[in-house]
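The active site, proton donor annotation in TrEMBL covers B:GLU489. Residues or ranges marked as substrate binding site in TrEMBL: B:TRP358, B:ASP359, B:LYS601, B:GLN602. Residues annotated as domain 'Glycoside hydrolase family 65 N-terminal' in TrEMBL: B:14-266. The domain 'Glycoside hydrolase family 65 C-terminal' feature in TrEMBL is assigned to B:698-759.
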Protein chains: 2
Amino acid sequence: MNKNYIVPNEWSIIEDGFDNENVEASESLFSIGNGAMGQRANFEEDYSGSTFQGSYIGGIYYPDKTRVGWWKNGYPEYFAKVLNAPNWIGIHIEINGIKFDLHTCKVSNFKRELNMKEGWLSRSFAAELTSGEQIQVKTKRFISVEFNETGVIEYHIKALNFSGEITYSPYVDAGIMNEDTNYDEFFWEILEIVEGENSGCILSKTLKTEFHVSTAMQVSLAINNSEINVPQKTTIEDKKLTYSYKLNVNEGDTATIYKYGSYTSSLNYNIEELNSASLSNVQNAKELGFKQLLDSQKKSWEAIWKTADIVIEGDIKAQQGIRFNIFQLNQTYMGTDSRLNIGPKGFTGEKYGGSTYWDTEAYCIPFYMATKDATVAKNLLLYRYNHLGKAIENAQKLGFKNGAALYPMVTMNGEECHNEWEITFEEIHRNGAMVYGIYNYVNYTQDFDYVVKNGLEVMIAIARFWHQRANFSEAKGQYVILGVTGPNEYENNVNNNYYTNYLAKWCIEYAVECINKVKHNYVSDFDRIMDKTNLSIQEMYQWLKISDNMYFPFDEEKQVFLQQDGFLDKELIPVDKLDKSQRPINQKWSWDRILRSCYIKQADVLQGMFLFEDRFSKEELARHFDFYEPLTVHESSLSPCVHSILAASIDRMPKAYEQYVRTSRLDLDDYNHEVHEGCHITSMAGTWMSVVQGFGGMRVWEDGILSFNPQIPEEWKSYSFTINFRGSTIKVYKSQTECKFLNESGKDVKMFVNNKEVKIPANQLVTI
Amino acid sequence: MNKNYIVPNEWSIIEDGFDNENVEASESLFSIGNGAMGQRANFEEDYSGSTFQGSYIGGIYYPDKTRVGWWKNGYPEYFAKVLNAPNWIGIHIEINGIKFDLHTCKVSNFKRELNMKEGWLSRSFAAELTSGEQIQVKTKRFISVEFNETGVIEYHIKALNFSGEITYSPYVDAGIMNEDTNYDEFFWEILEIVEGENSGCILSKTLKTEFHVSTAMQVSLAINNSEINVPQKTTIEDKKLTYSYKLNVNEGDTATIYKYGSYTSSLNYNIEELNSASLSNVQNAKELGFKQLLDSQKKSWEAIWKTADIVIEGDIKAQQGIRFNIFQLNQTYMGTDSRLNIGPKGFTGEKYGGSTYWDTEAYCIPFYMATKDATVAKNLLLYRYNHLGKAIENAQKLGFKNGAALYPMVTMNGEECHNEWEITFEEIHRNGAMVYGIYNYVNYTQDFDYVVKNGLEVMIAIARFWHQRANFSEAKGQYVILGVTGPNEYENNVNNNYYTNYLAKWCIEYAVECINKVKHNYVSDFDRIMDKTNLSIQEMYQWLKISDNMYFPFDEEKQVFLQQDGFLDKELIPVDKLDKSQRPINQKWSWDRILRSCYIKQADVLQGMFLFEDRFSKEELARHFDFYEPLTVHESSLSPCVHSILAASIDRMPKAYEQYVRTSRLDLDDYNHEVHEGCHITSMAGTWMSVVQGFGGMRVWEDGILSFNPQIPEEWKSYSFTINFRGSTIKVYKSQTECKFLNESGKDVKMFVNNKEVKIPANQLVTI
C-alpha cells in the first residue's frame, strides 16, 4: 500500500495536514463532477509544486495523431483523447503584493474534505507567507448537478496579523495542454474573448473535431460577508482573460470572492448561442447565489443516494470506500445523455484516452441498471448500437467481411483509438461483453423489445465476427481461436484463451436463441432484420458448427480449464512466494518477463466463470478459484472485485472481504501506485457488484428470476443496499443475525432468497 | 515483381531512359561507397521531384530518443540511428540564369551506369530546359577505395543550341535531416565554416554523441577540357557554404566542373586537425586529378574482384545479380576497421537504424571469411567481443544475472537500440548466432586461439543466458523456452520455437565442449577464464541439465519438427493458393491476421537445419523443406538464400534456382517493393552463400574438412567462384560437363568432392 493519509469517515473523504507529496494524488481523489463536466481538485490559487491540472467536459475529445515506434498495418491513424478543457477555477491571489502559493508558505491546520453526501469540496488552513502575513483560508466548491453547466467557488481569506491589500484575480484560461499530447500541441483555438463587468468568457474550438466551447466566469466580492463593489482591472492575454480586484482589509477582516463558472458546448447549442448561454448561466448562478446553489446541490445528491447508497455498519473504511466508489460513478455518468459513456478515469484524469471500454458492459451496466431508472442502462446499450456501423468498418480494416463487427478497444465516437497490436487487434473478447451487456439488461429488465429493435443487429454482427475469427484445427479436430489477448493482459498473442473461446461460443448461441425467439414471436421484425443484415438460415448453421465444436484447453489431471494453450508449461510459483521487492511486476519487470511468467494481471478464466456462474458447480468454481487466485497479482483495477464475488459465492468470506477492501479502497489507498494520474472509475462499479452480487448474492437468472443469498463479512455489523428491479425498489438489509427485505414499490415481488422462493409484499419490511 | 527497368549487363547496373517514378529506387541501387563512407545516387544538381538524399559516414551515429506509443519496461531510452551526413556532392546549376532541374526538363537519351568492375557511377543525357536551351550532360563520380575519405565528381555540360552562361554553384551543406528522425530534429550542430579559394569546409558535430566531422570540397573548372580560372562568388548561409562560378560558353562548348569532396571525422583525428585534414584530402585529390584517381579506383576494384568474383555463363541476369551483391557488400564493409560493421542498408539508406544485426554472424561472416583475409572475419568477431560488457548490461535490464549476456537486436555501440517488445525482448535467438559465428570461424580457419583469448567468454555469458531463460515444464517433463520470437517474425511471443530451442541447446553444448578443450589444452588460460567469469564446474552441470533435456515440438504423424507449439492449429493453406492481391501480406494484412496465419516471413525451422545441415539426413531435410517451403512468403530478404541452399542440397535444382534469382535480384527487381528505402545489404551475403554453399555445395565441417558437391542449374552454362581457405586460394569451376579446381596457393590442399577425398596439388588445375 502506497498511501494511507485519507482520514476514515462515513460520508467524507478527508485529508488532514498538508504534504506536497500528496497534492497530485489528492487532486485525483477529491475530483468533482456532475456527469457532464468535471474538475480535478486543483487549487484555485497558484501552486508552484507538482500538480496536474485537469478540467474536463463530457463528450469533448480530440483525435491526436497516433504515435508509435513501428507502424503496423491496422493501427488507427488517430487516437481520440479526453480533452483538457479551459480552466474556469483559477484565481491568482496576492497578499500585500506577494503571490500566494501554498508551495512556498508555512501551512497549518490544513484540511481538505470531499463531502460525498452533499456533493462539495472544501479546504481550510492557515498559511504564513514568506513575507510574514498570516491568513486563514476557507474555500468550498462544487459542480452543480441541477445546473449541469455550472460550477461554483466560494473563497474566504481572513487577514490574521496584518492590515493591507488582498488581490483576487480570477481568470479563464484556454491556453491549456493535455498531459498526454503526442506532439506537444495545443488542441484548442481561441475564437473570441468577451469581457464585461465582473463577467466574461472565452469562445474556443478544438482543432480537427471543431467542438466549440464557451467558458464563462462571473465574480462577486465581499468583506466580512457583505458584498462590495471593487474596481475591476482587466487583462487579456493571448488565451486568457483575467480580472483583478484589490480588496483593502484590516486585521481580522475576511475578504471573500465567489466565482461562478460555466461551460457551454456545441454538443448542446448552436455556435452563435454559446457565449450568451454561458454568460447567462453564470449570471443566473450569481443571482441564485452560493447558498441557494449549495442547497440545490444537497438535494440533488440526496436523491442520488436514496437509490444508490450502501450502508455498512461497523467498518468505517469499508463504508468510506463503497461510498467513494458510488459517488465517483455518479460524478462520471448520470445516464441522461446517450452520447456519453463512463471513461476509465472519469473526470479525474486523462490517461488511457477515450471514454469507452469493455468495462462499461462488463462492469458498469449492473450498477446503473440497479441504482437508476432502466433508461440509463438502455442509453448505454444504445450508445453501442449507434456505433455498430463503425464497428463493422473496424472489422473490415482487419480483414473481416459480410457485416462482421469488432467493437473498438477504446473509443470516443465508435472509431478505434488505441494502438498496441496485442491489445487493439487481439483483445477481441471485448466483443463478447457487448453481447453480455444486452443479455444482462434483458434478464434484468425483461425488455426483449430492445433486442428486437436494436440488440439483435449487434449480436448478428458479432456472431459473424466470431465465425470468421475461429478456424478449424485439423490437429485438434475442433475450432480454435488463435492469436488473442484475453482479459489478462499479461499474456499476449496466445491461442485458445478460455475466456475468449467461451464468450465466442456463447455469443453465437445467444444470437441464434434470440433470432429464433424473434422468428417465432416477432414475425415482421424477423423479416426486417434478416433483410437488413442479409442473414440466411444457412449462415446461422455455419455459425453453429463453430459453437457446437469449440475447443477449450483443459487439464485432465488438475480438472481445470486452462487460461490458454500451454499455460501449464509455465513455472507456477504463487504470488505470495514472490519477493515483495518485485511488486508490482508491471513496474519492476521487463515486458517479456511478465509475459512468460504465470502471473495474472486480472481475472480471466475466473472472469468467464463470474459472468456465467450458474453454469458451473460450486466445486468447479472452487477448484478454478484455488488454481488461479494464488497466481493473480490484481494489477488491473478490474480484478479484485471479480475475485471478491467468486470468493463469496464459494464461501471464502475472508478472501472475499480482503478483495473487497482492495477494490473499494484501490484509489483511496493507492494500491497500484498511480492514483495521481486519476481514479479507476469503471472498477468502482465492480466494487458495487462485490457488495450486491458478492456479499448480497444477488443474481438475475436467464429466466428473469431475482435471487439473493446474503452473507456478511465477519468485520461488519450489517450492510444494506437498494436495487431498482423492474419498477420495484427493493432494499436488502443483512446483519450478523438477520436479513430483511423492504419492497418499496406498489406491487408484490416474488424472488428467491437462499434458494427458497419468497414473496415480498408491497411496501412491507420482511425478515427472512 | 515491382520494377523491371534495370538493363541486364554482366558488369554494370544500367538504367536506360528517364522516369521520375524510378528516381528513388535508382538512388538506392546506384549507391556508391568504400566501406568508410557512402552516398546514395542523388543527382548533383537540384531535383524537385521525389528524392531521398543520403550521405553516410561509417561509425557516425546518433541516439535519437525512443518513440513508442505505450512505454514498456525494458525499452532502451535511445535508438541509435545511422546518421545522414553533410552533403558534399551538391552543385546548383543555372543555364542562362535558369535553374537546371531534371524534373522540369525534357530529357532524352538518359543513361545511368554503375560500373561495378571499376567502381564508378555515371550519367549521360540530353535535356531541354523550359526556356529552350538544350544541353548534353555527362557526369561520373566515385568514392575512392584507396583514399577512403575522398569522393570525386566530374560534371560536363555541352551547350547544344545556345551561347551564354553556365553557372556552377558547388556547395557543402550540413543542414541535413534524417528521414527517420523521431522528433524532426537536426542532429548536427555547425561549429565552423572555412572558406578559401576554390576550396572550403564545414566543421560540424553530432548532438549528444559529439562526433566531429569536417566536410570539405575543392573545385576546378574547364572549358572544352582546358582548365580555366573563374571568379568565385561565396555565399555562406546558416549551415551551407556555396561557391558560384559563371562560365561563358559558345554553342558547342563543354563546360566542366570537377568537385572533390572529403569527410574527416573524430573517429580518426583530433578535433583540431579535422579541417586541415579534409582540406588537405581535397587538395591532394585535385592535384592527382580525376583521371589518376579513377585509375587508382579501377585498380582497387580489380584487386577486390580477384578474390571475390563469381562468374556465371549463360544467364546474364544471374551474373548481374551476383556481382551486384558482391559489389554492394564490398562497398559497405571492407573489414579494415573493427569499429565498423555491416549495416542492413549499408550506405544506401537509413531505415532500421543501427549498423549491426544478427545478420552479420548468421549471413555475412562466410562471405568475408572466404573472399578476404581471415583478419576481416576476426574483426567482426572482435566487434562482438568488445561489446560483451554491454550485452551483459542489456541482459541485466531484462532481469538476468550472473554475467548472462543478451546481445542487442540492433546496435551501433553495443547498446540495444530497438524497441518493439516482441523483437527486442523476445527475438533472443540472435544470441545463438553470436556463438555460431565463432563456431563457423573456428571450423573455417582452425584458429582456436580466438576461442581461448576471446570467444569463450562470449560463449559462457550466452550459455548462462540460455540457462536462465529456459524453465522446466512440469507438464512436459522437459525444459521449455517460453515467449520468444523466432527468425520468422510473423510469429510473436510463441513457446518453444524450434530454432531458438535448438540453438540454445547447441550453445550450451558447444560452450561446454570448448571449455573442456581449453581445460585440457590451455591450462593457464582455463584458470584465467574460470576466474574472470567466476564459472564453476557445478554451474556447467546445471547448464547441461537443460541442454540434455530440451523440449522440441514434433509432430509424430508428419514426422516434422514444428516451428513452435501449436503450429498445427493453423489453417495450412499454401502460399500459391493465396490470391495475388493479398501479397505481400505485410502490406495487405493487419498484424493480427499475419500472426495467426501459417505464413512464414523467413526460414525458421529451415534456418536451423541450414546451420546444422550435417546433423540431418537428406530425407529429414526434404521432409521439412516440403512442409515449410510452401508456407513461406519470403518477405524477409534473408529468406530465399536459405531456401535456395537447402533446395540445392536436396537436389531440387529448379527451386534452388528460383530462390537464387529471388535473392540475387531482390533489390534490382524490387521484389519487396521497398528498394527506394535502400538496398538489403546483409542478405547479399546470403546470395553469395547460395552460389558457393548452395550450388557449389561447399561446407567446412566441424573437424575442419573442406568439401564440395557442385551442381549446376539448368539455366547456366557454367559458374565459378574463388574461396580463400586457410591461406590457400581455391577456384572452383563447374559447367554442365565438368568440374575443375584450381589451387592457387603454394601448398597442396586435401578436400572432399562429391564425398570423395581428393588432393588438389598446388598451382594446378584439376578436373574432377
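Glycine too: its Cβ is placed from the backbone N, Cα and C atoms.
TrEMBL does not curate its annotations; it predicts them automatically.
In this structure, the CA atom of B:GLN602 (substrate binding site) is 8 Å away from the CA atom of the residue listed as 'active site, proton donor'.
In this structure the alpha carbons, written CA, of B:TRP358 (substrate binding site) and the residue listed as 'active site, proton donor' are 14 Å apart. Across the domain 'Glycoside hydrolase family 65 C-terminal' (B:698-759), DSSP assigns 0 helix, 35 strand, 27 coil.
Mean pLDDT for the domain 'Glycoside hydrolase family 65 C-terminal' (B:698-759) in the predicted structure: 94.
Remark: the residue listed as 'active site, proton donor' has B:GLU422, B:ILE423, B:GLU427, B:LYS601, B:GLN602, B:SER636 as non-local neighbours, by Cβ distance under 8 Å and separation of at least 6 in sequence. Around B:GLN602 (substrate binding site), a 10 Å sphere centred on its CB holds 24 further CB atoms from the protein chains shown.
When other Cβ atoms within 10 Å of the Cβ of B:ASP359 (substrate binding site) are tallied across all protein chains shown, the result is 23. Residues B:TRP358, B:ASP359, B:LYS601, B:GLN602 make up the record's substrate site, and a Cβ search at 8 Å around their centroid adds B:TYR357, B:ALA362, B:PRO487, B:GLU489, B:GLN607, B:SER636, B:SER637, B:LEU638, B:SER639 from the same chain.
The binding residues for substrate are recorded as B:TRP358, B:ASP359, B:LYS601, B:GLN602; their greatest pairwise CA distance is 16 Å. Its Cβ placed at the centre, B:TRP358 (substrate binding site) has 23 other Cβ atoms within 10 Å.
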